[in-house]
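Annotated features, as they stand in TrEMBL:
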| type | residues | note |
| --- | --- | --- |
| TRANSMEM | 74-93 | transmembrane segment |
| TRANSMEM | 100-119 | transmembrane segment |
| TRANSMEM | 152-171 | transmembrane segment |
| TRANSMEM | 192-216 | transmembrane segment |
| TRANSMEM | 222-241 | transmembrane segment |
Amino acid sequence: MVSAGGHGGYSDADDAVDFRGNPVDKSKTGGWLGAGLILGTELAERVCVMGISMNLVTYLVGELHLSNAKSATIVTNFMGTLNLLGIVGGFLADAKLGRYLTIAVSATIAAAGVSLLAVDTVVPSMRPPPCVDARGAQGHECVPASGGQLTLLYVALYVIAAGAGGLKANVSGFGSDQFDGRNPREERAMVFFFNRFYFCISLGSLFAVTVLVYVQDNVGRGWGYGVSAAAMALGVVVLVAGTSKYRYRRPAGSPLTVIGRVLWTAWKKRKLPTPANADELNGFHTAKVAHTDRLSASTKLQ
């Protein structure tokens with residue numbers, strides 16, 4: 001859709017193109033027309049991720065009979081991986097794919113992961129047997145989930161992490177691409193967009209920790225995670241529906257690539273002798289004339 005070029009970041013606003021790669025008609029693309037759909041995708045992502053992470057420990061302890069420590073570790077690793085993979089998602093968008101394609105692919109992956117998680121919670125063979133009454137101080141005996149029973153859970157969680165990480169890294173930037181910061185009216189609209197963006201984050205989180213947690217605890221985990229999967233799938237549909245309405249920026253290479261190239265070059269040349277003249281160490285000459293004692297102050301000013 002858009003080609004890569006240049007070194008680092010994205011091209012300027014004048015280089016914005018439509019989905020066919022042609023210069024944009026700003027009266028028909030971008031602005032709130034595209035930004036509103038992007039807000040819908042972000043809302044779906046918050047419902048999806050928060051609906052899983054906020055109540056996952058309860059599921060792991062209550063139904064899979066894992067210890068509190070192991071359950072907390074699973075959730076921490078899941079959220080940590082999700083946030084770290086945001087770096088990968090940002091790199092892919094900057095270097096090659098562009099923000100739109102990265103978001104669309106990532107959201108689809110996240111929807112598939114939540115669907116796997118919903119399936120995992122309703123398949124009886126993926127859960128250990130219920131706790132049974134037993135004599136002794138504990139009063140009951142619980143068999144924790146086996147490694148095989150946890151396999152699909154782990155796969156689902158890390159598929160979600162891969163998708164949500166790529167989405168999280170790019171969705172706000174793609175929203176800002178819909179506005180031209182040099183146009184006073186669109187610049188004000190961009191500020192308003194970010195206000196609404198964080199409002200959608202809060203709204204999605206609130207829905208997840210109230211409605212979805214209630215559904216998971218009182219109706220069923222399958223229903224709760226199914227709602228999250230449906231929300232993420234709807235977010236993909238909303239995003240793709242606006243394909244012809246967005247403004248796109250050509251990816252111009254990731255800054256990480258430039259940093260890596262500099263570090264690699266410095267490592268390869270670490271044993272080269274340094275210049276005898278320290279002024280040549282940085283590899284360039286300044287336009288400023290060095291001070292000397294040969295000319296008087298009045299002559300230098302001339």
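Backbone N, Cα and C define each Cβ position, glycine as well.
Highest Cβ pair count under 8 Å relative to the transmembrane segment (152-171), across stretches 74-93, 100-119, 192-216, 222-241: 100-119.
Looking at which of 74-93, 192-216, 222-241 has the most CB pairs under 8 Å to the transmembrane segment (100-119), the answer is the stretch 222-241.
Through the fold, the transmembrane segment (74-93) approaches residues 49, 53, 56-57, 60, 66, 99, 101-103, 106, 157-158, 160-162, 164-170, 173, 251, 254, 256-257 of its own chain, all at least 6 residues removed from its boundaries and within a Cβ separation under 8 Å.
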